[in-house]
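Single-structure report; data block below.
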Amino acid sequence: MKKLFIEQTADKVGQEVELYGWVNSKRDHKQIVFIDLRDRSGSIQIVGNESLKPLSPEDVIYVKGIVKERPKNLINEKMKTGKIEVEVNEFKLLGKAKTLPFPIDSDGSNIDEELRLKYRYLDLRRKRMLKNMLLRSSFIQEARDYFYRHGFIEIHTPVLSKTTPEGARDFLVPSRLQKGKFYALPQSPQQYKQLLMIAGIEKYFQIAPCFRDEDPRADRAYGEFYQIDIEMSFVEREDVMRMTEQMIIEVFEKLGAKIKQKPFPIFTYKEAMEKFGADKFDLRTEEDKKNNLQAFGWVIDFPFFEKTKEGGWTFTHNPFSAPLPAFKQQLLEKQNIESILTSQYDLVCNGFEVGGGSIRAHEPNVLETVFEIMGYKKEEVWEQFGHMLEALSYGAPPHGGIAPGIDRLLTCIAHEPSLREVIPFPLTSGGRTSIMEAPSEASQEQLAELGIAVKTKSRNKKVFDQIRELLDSHTIQYKILEHPPVYTSKDAAKIRGTELTQGAKALIMYGDKKPLMLVLPAHLSVDMKKFKMDRRMKDLRMATPQEVKKITGVEIGAIPPFGNLFEVEFYVDKKLGENKDISFNAGEHTKSIVMKYIDFERVTKPVILDFSTKI
Ligand code: ASP
């Protein structure tokens, strides 16, 4: 077993040591060869004879030798082990390394991210990533330590669970024992942590994995992320906020971070909207940014409900929240719903939401009314949330909690531009896992056992037919127009007899090397600069006609605005939604479809953004 980290050799002058590690670099001086040997802790100079010559960078070796002081003129003050070197008596090659697919002595920011994720186990060898992994580990250790000292119990809640409303799409897991039924991966442990309060746990926390199948967004990690999930009984809003703030301050400062303002300033939602135009805001000045200050703030007094597109109500943050006490009666009477405020509190850091929580509805009638306001019938509420309503009726303590997101907090401390830099094995923005390339197909046997038949989307099937199938499966009304071939939006509008403004122009682009589809009204063009800024992209360019063909199977000029069919990131400009009807070439120069915009948005589920500008 390896007994010594390289860093620990510094005080072992004169002693024989055994070291294990990777060849960081090699300098060959005829009879004498220098190796920089690296392990997790650092690196050290190894001096040996010609037998070291066959070694190459990233080989894994074992070395036995004597620690010696370096001659004065060869001391390297910058290295922890710069005053010493190890003279080799014995060495073994333990693992030969091929040439790596990319250099690991840089911070990696110039290397294509897909490539870095494909070889994440090599990417993690770079100093920057090792530092981030160590930071992550210390962060979790400090947080745990805080909670244990303050009387919290760490409890794991199930990962195979039931679908629950948290505002995102669920990941489903098919059941073999009950064919045709599904588990859902938790979007958060919300209901379980509340059940733990009813169970009398009083103070719970968990480093909890959460799963949300959301459309790609710049400020979220796709797929899975970790929260410090917290719940406490017999508390009011201010108690949870104070405890969270203390924990964050303590953990951040132990990790060497500097916080701009303590206690954290508190804004009501109304104040935040008036002052910053958003409920997430960056309180740092340019000077603060230079000094790496972390600027936290709270937002409270959010509206509980917002109007849905269909004219009903939905929750703004969390359906399990209680309204602020002053609004309880109003909620129970379902009066002036738009003015009801929730007990929700959001924590903001450097312009990002880094966590949110609330005091919960611990009286079953309050929770039931929340779902009724959102349009659930009584039976539906009981069918879906009966377990919670029942649990709340066996002596539920008043309780509340919060869930700061670990990944986002770490990007703040580490000054990293993306969440993926602090996650060991993140999913790509297109939703593929690093290295192993999931999702992947299941075998026929697996599918048969699960009672699942996969409708294969045949590449041979014409895009036109795929669109029709999609629209038909949602029983959507649309009109097909057959016409002589058209190649431009203007000609298309003329021949269809439709307005140019209602033409849905679909463009394939590459943003930071990933294919995307942008759809906008045909009379407008893409404001590349703005889109890049909004999406925090470094690089954005049009795809070539060949690339377009490869991605969509369709000729340029006939691309339908169905990014969802081509598995690319998919964005639609807000202004397209100003049309009642939209029209587009449906994968062929001679066929167009006219349909309601609202139906289009419903079936394709794009990310709606504002990126158009006049031509
Ligand atoms: N369940 C909420 C979330 O994941 C957090 C909370 O209210 O505690 O965002």
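Keep in mind that glycine also has a Cβ here, set from the backbone N, Cα and C atoms.
Annotations in TrEMBL come from automatic prediction, not curation.
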Checklist entry - Given the ranges 142-145, 190-193, 498-501, 602-605, which one is assigned the annotation region 'Aspartate' in TrEMBL? => result 190-193
Checklist entry - Which of Glu271, Glu353, Glu363 shares the ATP site with Arg212, Asp213, Glu214, Gly405, Ile406, Asp407, Arg408 per TrEMBL? => result Glu353
Item to check | Remote residues contacting the region 'Aspartate' (190-193) - C-beta distance under 8 A, at least 6 residues beyond either end | outcome: 157-158, 161, 164, 166, 204, 206, 229-231, 318, 320, 387-388, 401
Checklist entry - Looking at the recorded positions His29, Arg212, His317, whose Cα is closest in space to that of Asp407 (ATP binding site)? => result Arg212
Item to check | Greatest inter-residue Cα distance in Å for the L-aspartate-binding set Glu166, Arg212, His317, Arg360 | outcome: 22
Checklist entry - Widest Cα span across the ATP binders Arg212, Asp213, Glu214, Glu353, Gly405, Ile406, Asp407, Arg408, in Å? => result 19
Item to check | Nearest of the recorded positions (His29, Glu353, Ile406) to Arg360 (L-aspartate binding site) - Cα to Cα | outcome: Glu353
Item to check | Lowest local Cβ density (other Cβ within 10 Å) among recorded positions: His29, Arg212, His317, Arg360, Arg408 | outcome: His29
Checklist entry - Mean pLDDT for the region 'Aspartate' (190-193), as a whole number? => result 97
Checklist entry - Per 10 Å Cβ neighbour count, which of the binding-site residues Glu166, Glu353, Asp407 ranks highest? => result Asp407
Checklist outcome for this item: For Glu353 (ATP binding site), the closest of the recorded positions by C-alpha position, picking from His29, Glu166, Arg212, His317, is His317
